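The region 'Disordered' annotation in TrEMBL covers 1-26. Here TrEMBL flags 25-63 as domain 'Fatty acid desaturase N-terminal'. According to TrEMBL, the transmembrane segment annotation covers 55-74, 86-104, 249-272. Annotation comment: TrEMBL describes 86-344 as domain 'Fatty acid desaturase'.
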Amino acid sequence: MGAGGRMSVPPSQRKQESGSMKRVPISKPPFTLSEIKKAIPPHCFQRSLIRSFSYLVYDFILVSIFYYVATTYFHNLPQPLSFVAWPIYWALQGSVLTGVWVIAHECGHHAFSDYQWIDDTVGLILHSSLLVPYFSWKYSHRRHHSNTGSLERDEVFVPKKRSSIRWWAKYLNNPPGRFVTITIQLTLGWPLYLAFNVAGRPYEGFACHYNPYGPIYNDRERLQIYISDVGVLAVTYGLYRLVLAKGLAWVICVYGVPLLIVNAFLVMITYLQHTHPALPHYDSSEWDWLRGALATVDRDYGILNKVFHNITDTHIAHHLFSTMPHYHAMEATKAIKPILGEYYSFDGTPVYKAIFREAKECIYVEPDEGEQSSKGVFWFRNKI
């Protein structure tokens, strides 16, 4: 299904159906979560500390090689070549660091090892190094998984209803406006979400991932929010010392720009996983956990699928079984496709095209007209 073709057909047939668009079924699935789980080989749910660390070490080796080459040789290059070399470094380093971000995300789901304290320690170090408040995001992201597809309770990329569209939206509903919107979203979207809950679920009071006493968190979580803040502050102080020692330009080139690319990839991946004209959203009268978890879409990022540890093309399996390690997710996805049938969603549209298409087609949500039985089911619209 989706603009990339029907989701249940083999890749060889997808091009033939590239223009088709079939919605995710909204009826109660003819299978249960237990039945889906039984279709997956049992070893897919086994976490290996050694194997998980092997992926992290591999990523660190690549990060170190890119860092060494950039800091050792780039300053000797003539200017025309250095103008080419640095963007290549930023793209490569940003992509691999996104993979590191994904491993930290796995730690937050307790998918890294069988030991919660190891997962939290590794996740805290990795996410803090990327200026992410680990526990803060871990808890809000857990609520996203518990409420996916719910208009009232989902945590991020909650679509607006037509009545909530701002007056300026019609002036941005054109190619230049969409380009500006996407640029702002990819560059500032992640820090704005963490600091001000932009594009997040509405809360009473000021919602901020750095505020232990904000409405996002309960009393049992507040101490760990402080720990997250300390981790981010420690890395920020380390960067300050680096600026004093190496200079601001050095820190921006070596660390700052790759971090911007990580943030951009994170926003794009999440946005495209949950935004598609064929995906429904539900209000409280219709929502249930399984249908919400299935209201997501797997995407194809080419070679970056592996670099990102397949968080991009196994997202449905991840939402169904979030403690499953990433290195089993492809096998699990293949196993559940026959069970899910038309409830499995895949869109092979190149992501650089898909993000502009979804920005054009997915402006707000509203129910279909004339279907009283599905007034609690909302679909994306774009006519303002």
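Sequential numbering from 1, following the chain as shown.
Glycine is treated like the rest: Cβ placed from N, Cα and C.
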Counts of helix, strand and coil residues, the domain 'Fatty acid desaturase N-terminal' (25-63), according to DSSP: 25 helix, 0 strand, 14 coil
Mean of pLDDT values spanning the domain 'Fatty acid desaturase' (86-344): 97
